[in-house]
Amino acid sequence: MAESFNEKQMTTPESEKNINDTKGPVFGQDDGADVEVAVLERDGMRLHPQPTSDPLDPLNWTSARKHSILAIVMSLYFMFTYITTTTVPSFPEIQAQYNASLGQVNWTVAIPALGLAFGPLFWSSLADRYGRRVIFIIGTIIAFAATIGAAKAPSFDSYMAARFFQGFGVSPAATVGLAIINDLFYEYERGQKIGLWVLAIDMGLLVGPLIGGFIDLVDHYWINWLTAILFAAILVAEIAFLPETLYPRNYMLVRMPYTDSSVGVADLEKVAPRPRDAAEVDLPRTKKLPFINVRGVPGMRHPKPWDSLLRFVQIWKFAAVSFSVCIYSVVWYWWIMSVITFIPSAYVQYSPQIQGLLFLGLILGTLFSEIFCSGRLSDWLMVKMAKRNGGQRMPEMRLWLVYPAATISAIGLIIWGISIDQQYHWIVGQIAFFLLAAGIQMGNTIIAAYIVDCYPLQSMAVITFYAVILNLSAFINPFFIAPWVTASGYTWTFAAQGIITFVVSLPAFAVLQRFGPTLRAKSGQPGWVNPEYDSII
């Protein structure tokens, strides 16, 4: 039986406009006046975002429409990392083509990551002004053109430039992609949907070399041509099936508050909102916007183009976000790049096609973690612990899953390093890959969900920070891993990485879990909100 919403009447004074509440934001302020609106709850906890009775509200779209959009977002996020690793099996051919060293070839993995790190600082504010759809389309066009450039690059320098713009073009999949997910789904679904979103990036990282190894049988140029074909297919899907999802929620909540308090969450999408009310609001929004919108989405205050960079700097002040992202990125996540870039060297006795198949352990670990141990489990844990906490959600409740995740990642790194030096059977390496990937997938989902839970009204800024730091770590890793392995060997290099992951991550996240609420209280509230929650013009 569906659980019912409860409505509460409340007013929102100006002083509460930017308050982040773990149960959800407070709405109702518009044009300088205090307006009473209904606040909907589920399981005694306030829904975030609050729905309207507007059929153009993305929260009111059908499940099929929402999940088709999610599939497009996941497809581009898959390409986010696919482009960095699909060329790994062709490293010998790239070396021969451009007369490059092994270190230089490793840079071809790092350079797209630099584009992925820089891109969110450029795209995020534009997506909050002109909408998500047009930024997705422009970014995909750039990535498509850059991929053709990589396939035809006559020199190593031009190849590296094309690789940078591949990453730059596909980078909206991170920040803008998560913004689309937040536009479509409720907070209580966040763990599962972010888990699927993270699954896409992790699978792109791992499936890329598998596909690249087999395409290399044709020739290494076709690795880029296939990538271009994939970008073209995604571009067609974006043009045909991706509507605008940036919605002036605060503005519309005052004019079309949700009115049916008897509707259960499971039945929310089956309700037909009152169309006559929607027609009375003279404001173009979502599906009523131009096919290619080149003006600011109306009904909200827009950030300036440079606000993404300013807010990236300001986020350092909010320790719960900056501390968690930096710890995850530089003592845990970036070791996956160590493994991926060294598989060709570690298994040099195998052909590129067999080397691609050796990524199956990483792929299976990622899938297992997402199905059984990641997003859905995180949501379940949040609900159970919130009920025990009097209905109060705390972002730190998600962090309980960090401890097993970091532990199994550390074990996987140590086992793999030993297995290479001792020349164990390849199945030992596959077990190590399974453990490493399962931990990475779980940790990635938890950290992304945690920082959004901390500041839901500033989700674009915190995810921009996350994307920049995460991809900078991936950019840096290939520059030091090769000398480290040469100097210390596989056993001590990867054992050290595993030990760092375990010894640093677990205490660091324990401290964050214990003192996270205090850190957030001392940091105060950001001086901005996402534009959909800011309708004072």
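Placement of Cβ uses the backbone N, Cα and C atoms for every residue, glycine included.
Keep in mind it's a predicted model, so treat the numbers as computed, not measured.
Annotation source TrEMBL lists region 'Disordered' at 1-30. The transmembrane segment annotation in TrEMBL covers 68-85, 105-122, 134-151, 163-182, 194-215, 221-242, 315-336, 356-378, 399-418, 424-451, 463-485, 491-512. Here TrEMBL flags 69-516 as domain 'Major facilitator superfamily (MFS) profile'.
Within the model, the domain 'Major facilitator superfamily (MFS) profile' (69-516) carries an average pLDDT of 88. Against the transmembrane segment (315-336), stretch 491-512 shows more Cβ pairs under 8 Å than any other of 68-85, 105-122, 134-151, 163-182, 491-512. For the transmembrane segment (105-122), the list of distant contacts is 80, 83-85, 87-88, 91, 94-95, 139, 159-160, 163-172, 174-175, 308-309, 312, 337, 340-341, 463-464, 467-472, 474-479, 481-482: same-chain residues at least six beyond its ends, Cβ to Cβ under 8 Å. At the 8 Å Cβ threshold, with sequence separation of at least 6, the transmembrane segment (424-451) comes into contact with the transmembrane segment (194-215) through 3 or more pairs. Counting residues 6+ beyond its ends, the transmembrane segment (68-85) has Cβ neighbours under 8 Å at 109, 112-113, 116, 136, 139-140, 143, 147, 163, 166-167, 170-174, 177, 180-181, 184, 193, 196-197, 199-209, 211-212, 227, 230-231, 234, 237-238, 241-243, 245, 340, 474 in the same chain. Within the chain, the transmembrane segment (221-242) has long-range Cβ neighbours (under 8 A, six or more residues past its boundaries) at 68-69, 72, 75-76, 79, 82-83, 86-87, 90, 133, 136-137, 140-141, 143-144, 147-148, 150-151, 166, 170, 211-212, 215.
Ranked by Cβ pairs under 8 Å to the transmembrane segment (463-485), the stretches 163-182, 194-215, 356-378, 399-418 are led by 163-182.
Tallying C-beta pairs under 8 angstroms between the transmembrane segment (356-378) and each of 163-182, 194-215, 399-418 places 194-215 first.
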